[in-house]
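Engineer: My questions all concern the structure below.
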């Protein structure tokens with residue numbers, strides 16, 4: 001199949017940042033996706049519906065003329081989030097979920113939840129109102145190996161949480177392990193997962209063999225090839241529990257290429273082509289539309305998009321770097337490499 005037309009996809013996990021960064025990130029994402037779940041880990045974080053609406057206005061100011069883009073907003077879950085904020089989310093036109101970062105798990109997560117049991121009163125309201133809880137699924141204890149943090153989260157946090165709140169609508173974001181994939185498969189349909197392009201296309205060898213490649217460094221970290229293979233299998237299976245979430249995360253070249261580089265891969269400019277490559281490599285390109293355009297919207301209870309995009313099987317070289325902020329550069333995922341699909 002050399003050409004594929006699909007309903008325009010949505011990105012159910014993206015980082016746009018704020019301020020000057022929006023000049024780069026919003027057009028890149030809006031040219032690819034009709035909607036995006038916009039992560040709230042700004043400085044300071046987006047903690048209320050009013051703050052989310054204000055952030056959305058800042059995003060909309062950078063949408064290119066003639067492009068339809070609908071940012072879907074998320075609140076940042078803290079130890080101090082009020083149960084009453086959940087009803088405001090439910091009644092909001094643009095806010096769809098709340099995001100729980102374990103404190104210290106990833107970029108700008110210091111304000112995250114210190115102990116999930118402290119916020120059970122809020123989670124009870126999430127379950128009652130069927131507001132999705134989005135989870136960065138890693139424990140943050142210093143003694144736990146970084147490659148084991150997702151599995152430990154499943155055992156120590158997520159299993160008890162779902163026993164306590166079995167009807168909770170929940171997305172385990174950017175899953176990276178076989179254990180996470182199987183966990184999601186074993187749950188009822190109120191539990192789903194997003195998968196990034198980097199975790200489908202690459203594994204930890206790509207990051208570590210032949211020199212450290214900082215632009216493959218993200219959290220949760222790339223895992224073994226066996227885990228990568230399981231993710232490919234579930235993503236291309238047609239199971240509606242798994243859908244697209246890039247976790248596209250912009251950091252300047254200087255912030256990535258230093259002695260203590262930031263975590264995050266910037267995939268937004270060619271995201272759907274990267275996913276197409278992953279699906280095509282296992283001869284499942286016909287399954288891409290469900291994963292990219294159907295299952296996320298269905299889970300969130302939003303209508304599927306009606307406009308379409310077309311991808312052609314035609315080589316394109318991903319740019320070596322892109323302009324970012326005032327005078328900095330950003331290195332996109334797989335920079336300088338050739339991929340076999342192009343959005344037209």
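Cβ atoms are placed via backbone N, Cα and C, with glycine included.
Keep in mind that this is a model prediction, so the values were computed, not measured.
As annotated in Swiss-Prot:
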| type | residues | note |
| --- | --- | --- |
| BINDING | 13, 15, 99, 247 | Zn(2+) 1 binding site |
| BINDING | 15, 16, 17, 41, 136, 219, 251, 263 | substrate binding site |
| BINDING | 99, 136, 174 | Zn(2+) 2 binding site |
| MOD_RES | 99 | N6-carboxylysine |
| ACT_SITE | 247 | active site |
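Mind mapping these onto the model and telling me what they sit next to?
Structural biologist: Long-range Cβ proximity for residue 99 (Zn(2+) 1 binding site), meaning a same-chain Cβ under 8 A and a gap of 6 or more residues, is found for 39, 40, 41, 74, 75, 76, 77, 134, 135, 136.
Other Cβ atoms within 10 Å of the Cβ of residue 136 (substrate binding site), summed over all protein chains shown, number 24.
The secondary structure of residue 136 (substrate binding site), as reduced to three states from DSSP, is coil rather than helix or strand.
In the three-state DSSP scheme, residue 99 (Zn(2+) 1 binding site) falls into the strand class.
DSSP assigns residue 247 (Zn(2+) 1 binding site) to coil, not to a helix or a strand. Cβ-based neighbour count (10 Å, all protein chains) for residue 247 (Zn(2+) 1 binding site) stands at 26.
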Engineer: Around the Zn(2+) 1 site recorded as 13, 15, 99, 247, what other same-chain residues have a C-beta within 8 angstroms of the site's C-beta center?
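Structural biologist: Near the Zn(2+) 1 site, the remaining chain residues are 14, 37, 39, 41, 134, 173, 174, 245, 246, 249.
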Engineer: If you measure from the CA of residue 174 (Zn(2+) 2 binding site) out to 10 Å, which binding-site residues from the list 15, 16, 17, 247, 263 are inside that radius?
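Structural biologist: Those near residue 174 (Zn(2+) 2 binding site) - Cα within 10 Å - are 247, in sequence order.
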